[in-house]
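Read through the structure below, which is laid out as structure tokens, and then see the notes.
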Amino acid sequence: MNPYILTTLLFGLGLGTTITFASSHWLLAWMGLELNTLAIIPLMAQLHHPRAVEATTKYFLIQAAAAATLLFASITNAWLTGQWEIQQLSHPLPTTMITLALALKIGLAPLHAWLPEVLQGLDLTTGLILSTWQKLAPFALLMQIQPINPNLLIFLGLTSTLIGGWGGLNQTQLRKILAYSSIAHLGWMILILQFSPQLTLLTLMAYFIMTASTFLIFKINNSTNINMLATSWAKTPALAALTPLILLSLGGLPPLTGFMPKWLILQELTKQDLAPTATLAALTALLSLYFYLRLSYAITLTISSNTLTATAPWRFTSIQTSLPLATTTSLSLCLLPLTPAMMAILTI
């Protein structure tokens, strides 16, 4: 892609998110979300592959439907209450509609079916943008809405953690596994949103770091399915040793970074007298842990078949920069001891 066009599209992505962050008016927030969607569509379709075009079309239709629902709900709210302020939602009908529209935008279960299919059709770099940056603007709006019906968010959260764990069990494509991982993590964030927005922010930050690290590893190894992971030991032995730790951090095992948000969320849910919800969420985390263990097993304990008839793919050295990967990998493994400091920063 032409660097000038790429710069313009990335600027559009940043501008759309910033407009939504800064807005207190529903119309401006909707404009930011639309700008965000329109900026990423050329990035998604740049390969001109039928799968990429199909994924782009699905994404556009879903985002357009969600944005239309959001606009309709905000107009309904203005009609019923006479104001457009984001933080002044008081009627249950527009509040529920806006919550569901934003859930569709970020891919929360049961409105999740588009996310694995779309992510599977994209290259890993665009998939990384879709899994991280594109979640920011809808989350900024979700955090400003005062929930009228708390059970709705708990239902969305538990369903997402369950389907995010269950859906990834039978997958062999890494991008689909990461999509279901995204759904499960979003479920944890939504579960705690109404009780502790600071914890949601912390979980979102930890998810971004670990997901970026995983996507960059798969990109540097050029891996798109589980079998291709077996070649990573010969390409980058040190990275192949660290990758299982990053995957287990995504799964939430101590003493890694991913344990921190799950531990704090379960603690907060128990404080709110929601012990059954906390128990169910902890059990669904085991489902996710299983497919992270599958990936770890594929990287560390399997060896790719070595054919003599052609040049083996792992003999080519990578020319990609490794600084972002080194940074995100370090953060994915070592942030747990800094939990008190991070909580103190977020509660300021």
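Cβ coordinates come from backbone N, Cα and C, glycine included.
Remember, TrEMBL labels are computer predictions, not curated facts.
Looking at 38-56, 152-170, 323-341, the range tied to transmembrane segment in TrEMBL is 152-170. Same-chain residues lying 6+ beyond the ends of the transmembrane segment (59-80) with a Cβ under 8 Å from its Cβ atoms: 26-27, 30, 33-34, 37, 40-41, 44, 89, 91, 93-95, 97-98, 100-102, 104-105, 114, 118, 130.
For the transmembrane segment (201-220), same-chain residues at least 6 beyond its ends with a Cβ under 8 Å from one of its own Cβ atoms are 124-125, 127-128, 131-132, 135, 139, 143, 174, 178, 181-182, 185, 188-189, 192, 232, 235-236, 239, 243, 246-247, 249-250, 257-258, 260-261, 264-265, 318, 320, 322, 324-325, 328-329, 331-332, 335, 342-343, 346.
Packing against the transmembrane segment (232-254) from elsewhere in the chain are residues 181, 185, 210-211, 213-214, 217, 220-221, 223, 261-263, 285, 288-289, 292-293, 295-296, 299-300, 303-304, 312, 314-315, 318, 325, 329, 332-333, 336: each is 6 or more residues past its ends and has a CB under 8 Å from a CB in it. Summarised as a single figure, the pLDDT of the domain 'NADH dehydrogenase subunit 2 C-terminal' (289-343) averages 79.
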